[in-house]
Each structure stands twice: as structure tokens, then as C-alpha cells.
């Protein structure tokens, strides 16, 4: 990796080789938004609890946390900057721009629905290159923070890609092309992941800068293998400590399978601890004993070793892959004429053209 490769944190760009053990998809502060309609546990605004959680992560050897809260879906630039400043020189915080799944946006009046794609791309590029809007593009005022986004989020729903989600995927791909910023996509219960990868690449995104999340909720190792081999993207397994979906042993076995197939360069890990009772220190504020970010080190990494995943592969998954994937690419010029014919036809079918 070239020495000038960098990862964009909220406190500035850092050398990619310095980011250390990285949690590639997590949450520390979630300041309201549509997720709260699903469960009140999605409201996470306790800065002190979040700081304690980061400290435990650091104490276990963690160095970088990528927080995947896009504008209007929990993102809080003020509080996240406070946390980042508290750990300056000890831990890196990366924040996101972009969108979540279409269910979180009004299909008629949201700016994702109303604003032309070209203009939304400009808005996202500004968040990466100039600074995130402290008001989350709620309008009519835009106030740029000193903190810039270091990753682009998109999202898709269960077993279908909504027309607004395809629009958000195009925005993500074009923003990534223009800025070099990496992409991570929420795939609901791990569905439509292959199609998501194909569409992003069809728009021109670099597959090495794409991560797909929540595939662990669709426990099919052959599906994972197919996605990686056919598209070259990376799967971010974000679900240790989710026994309601599957035991940790199943996820560990799936990772071992992929490693044995020579695909360890296409795996990253995280906790996706985006609810109060998914973090130890938030749980304590509710009078509950729960697990937290330290679970990765105390329980899941030992399990990976137990099932036979080598230390070399673990180092790739936790350190080497994130620093390559999260490092900004060389910016390119978006060329609409090079978009795949399949994506162009899908845009026509979904009346996006």
C-alpha cells in the first residue's frame, strides 16, 4: 500500500497503515430519527456511556471505529466530535454520509425523492470534502462542521430494491468515484446483496472500496462465496452476539469456510451495536448487564481461533483489510456513458430516467 494512502476520520486524515484494529460498522451516538419508530432502544445520546464503551474497546487493543449513521438517521456531529476529541491520539472515529433503506424516507416529499440525483451527489461530495452539515441537511440552513465524512452509506430493504434505494446506490457510487471515499451498504437481513454489489459496480464504483453489511443474518456461506468471487466486494460480518438470529459458532464456521476458500481478503468484522442493550455501558444506565464492544475481543476472536481461523487471517480481517478498503481511492471523473446497460435499463424500469 502506498504511504500516501489515508483514511478520513472526524479529526482529519490519518495514514491508512496507522488505523490498527478496526470495527468497520458500529454506532456510538444515535440521535433520534426513523429507527425510533421500530424500537426506543435506538435512541443513544449518552456521551459518557459512549466514551466508556470506546475506552473498553481501546483497552482491548482496538484503534478505529467506523460509525454508520447517515444524515437524519441518528447522526450527531456535535456529540461525535466530543467523543473523538476525548480520544485524540488514542482512537480514530470515522463518520458517514449517505442514506439508509427507503423505508426511512417519504417516497414523495423527502429530499431523496425530490432532489435530482446530480444535486444530491454534490451534497454528498461536500460532506466528504468540505465538512458534514451539522443540521443533517434538514434545511433550509447548511452549517459545515470541521468534521468530514469518511465513508458513504446506502441501504436496501428486505428482498427488494426500492427505486429510491437504487437512486441512493447511484449517489453512493458517483460520490465514491468523485472523492475516492469508500462505501458500506445496509442490506436488510442480508438480502439483495449480490444485486447491490452488481449495481454499484455497474455505476462505476471500485469493488475494493465496497462493503456489504448484515449478510450474517442470511446464513448462507455459499451465497457469501458467490458474491465475493463474482464481484470482488467485501462482506462486513457485523453480528457476533446476535443469538436471536444465529449462534456465534455458525458465523465463526462461515468465516472459517471463506478463509479456507482463500477469501480472507474480502472479510471485515464489527459489532453493529446500535441499540442501548447492545452496549455494556449504555446497558448499565438502564440497570442491565449486557455485552458491548469488548465482546469482539473477549468472546468472538477466541471462538474464531477455536474453529481454526489462523492469526494471519484474523489480522487481515481486523487490520489489513480495513486499512486497504477504508483508504481513499484516487478520485475519478464519473462517466455516464460507461454505466452498465443493465443498470440503465433498471433505472428506466423504475422510472428513474
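For all residues, glycine too, the Cβ spot is worked out from N, Cα and C.
Record note: Swiss-Prot gives 25, 27, 272 as Zn(2+) 1-binding, and the candidate from 148, 153 in that site is 153. The annotation in Swiss-Prot ties 153, 214 to Zn(2+) 2, and of the candidates under consideration, 186, 199, the one tied to the same site is 186. Ranking the binding-site residues 25, 186, 214, 244, 275 by other CB atoms within 10 A of the CB puts 244 at the bottom. Nearest in space to residue 214 (Zn(2+) 2 binding site), taking C-alpha to C-alpha distance over the binding-site residues 27, 153, 244, 245, 278, is 245. All protein chains included, residue 153 (Zn(2+) 1 binding site) registers 25 other Cβ atoms within 10 Å of its own Cβ.
Within its own chain, residue 278 (substrate binding site) has 241, 271, 272, 290, 291, 292 as residues 6 or more apart in sequence whose C-beta sits under 8 angstroms from its own.
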